[in-house]
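As annotated by TrEMBL, transmembrane segment applies to 19-36, 71-92, 104-123, 129-151, 163-182, 194-215, 280-301, 316-338, 345-367, 373-400, 412-436, 442-462. Under the heading domain 'Major facilitator superfamily (MFS) profile', TrEMBL lists 23-466.
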Amino acid sequence: MSTSNDSGPQLQYLPNKSLLLAACAACIGGTFQYGYNVSVINAPTLHVQNFINQTWRERYQTNISVDALTLLWSTIVSIFTVGGLVGVTVGGTLSVKLGRKGTLLVNNIFALTAALLMGLSYPTGLFELLVVGRFFTGVNAGIGLCVQPLYLGEIAPTAFRGAMGMGTSISITVGILSGQVIGLKEILGREEHWPILLSTTCVPAFLQLLTLPWFPESPRYLLIDKGDDKGCKKALKQLHGLAGCDGERDDIEKERNNLRDFQAKKPWELFTDRSVRWQLLTIMLLNAAQQLNGINAIYFYAEYLFTQSGIPADKIPYVTVGTGACECVTALTCGLLIDRLGRKVLITGGYVLMSICCILFTLTLSFQDASPVVPYFSMACLFAFILSFGLGPGGVTNILTTELFTQTARPAAYMIAGSLNWLSFFLIGLVFPFVVIGLQQYCFLVFLAVCSLTATYIFFVIPETKNKTFVEIQNDFKSLRHRKAHNGDGAEPTLF
């Protein structure tokens, strides 16, 4: 049993086995797919380019130009972000209409379609199928990134909401690592295997279709959105057991009473709702910073740093797998710490450490030729930056998006946050090469500014949400608004 005191619920019991299995079932076809499809496309780069050139030659009896080949390959890679943006814009709406679990199940259609199209591209000689397939993998990833955190946040008991929410970050990093491992030449990284490699996105989809139906819909969705009292009780008993379901039921009832007669909000309605102004500003800033803080730039720069450090080209994929393994360990560590240290400590500390790494990165890159040892310091900075990101911003951002909103506003908040996240992802991929050309080794000073400003905002604005109900978190933000208004007129009532 859990008990409560002034500091909130305490961790005095382990989560129900059914709850953990439900989280695993949601993750395997959810954000795991995002991480997997981000990394799996890297291994067959040269093989796919050879296929495009061969197909072009058979069609037009001439080799494709270097510029056209580069454009086609860039399109195959970047169309993923376009699909992600489409996915996240419809994910919130689907989660209201079909439910969180229902949307995750339907989402597998996109993954299966993508796997079929990409697998057929080689035998049919149609490289255009790769573009369409990658678009559908992006749609699948966008919906998963929007809906899976919703499901995990709503099925988790208050005392374990942080650890459960870290399932999103853990599944992304495990997906990235899995894509890196499957892409090794000893497995599916050889030229003749690339169509199979790209089609393996169907495996997580099948696994989720086989496992997730055994677990219930989100109890909060059943009671607050659908008014299904019986379904909510049944879901809580399965997820939390008889000992833990009553307390969670009281929490959901309290939230429903405060939201009675309220309908699920549309994204544009959040922008005009003054009661969630600071929450909306916070999740917009955090989701933009999650992409603009330099983590993706680090990945773009990693191969160059490995090469500069004297690592042979054929060994770089194995070093890359090592970075993926480090990310997984860090995400797991964050999952263990988040409900003990709190969200604010981890995310602020993560951004502070990333700021320090940016300074050290700039110095080591500036003096790269001063000593044979300096490139290895650059590599150390790279690993430290990745670990700092995984310790805080990588996992806590999604959890805060869940916690800062109540049931009626949460899907719309994820649509806004996700759209901004994908747009920032696209922007950094488009702009970063030009930033490198213009600023050279000083390019990471840009990310230093992003990380340090974000850390400052978090420290002064965001309240700690550890062991607090959604209603209590809303009241914390009401207190913030009152302080900003200097206790003037227009005070809002406290939720009970």
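Yeah, the Cβs are placed from backbone N, Cα and C, and that goes for glycine too.
Where the annotation comes from TrEMBL, it is an automatic prediction and has not been curated.
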So, taking each listed stretch (71-92, 194-215, 345-367) in turn and counting its Cβ pairs to the transmembrane segment (129-151) that are under 8 angstroms, which one gives the highest count?
71-92
For the domain 'Major facilitator superfamily (MFS) profile' (23-466), what is the mean per-residue pLDDT, to the nearest integer?
87
Are there residues at least six beyond either end of the transmembrane segment (280-301) with Cβ under 8 Å to its Cβ atoms? List them, or say none.
270-271, 273, 347, 351, 354, 358, 382, 385-386, 389, 393-394, 397, 400-401, 404, 413, 416-418, 420-421, 424-425, 427-429, 432-433, 436, 443-444, 446-447, 450-451, 454, 457-458, 461-462
Does the transmembrane segment (442-462) come near the transmembrane segment (71-92), with 3+ Cβ pairs under 8 Å (pairs 6 or more apart)?
no
Where, among 71-92, 104-123, 316-338, 345-367, 373-400, do we find the most CB pairs under 8 A to the transmembrane segment (412-436)?
71-92
Cβ-based contact of the transmembrane segment (316-338) with the transmembrane segment (104-123), 3 or more pairs under 8 Å:
no
Take the transmembrane segment (373-400) and find every residue of the same chain, 6 or more past its ends, with a Cβ under 8 Å from one of its Cβ atoms.
149, 153, 161-162, 165-166, 168-170, 172-173, 282-283, 286-287, 289-290, 293-295, 298, 301-302, 305-306, 308-310, 323, 326-327, 330-331, 333-335, 338, 343, 346-351, 353-354, 357-358, 360-361, 364-365, 367, 454, 462, 465
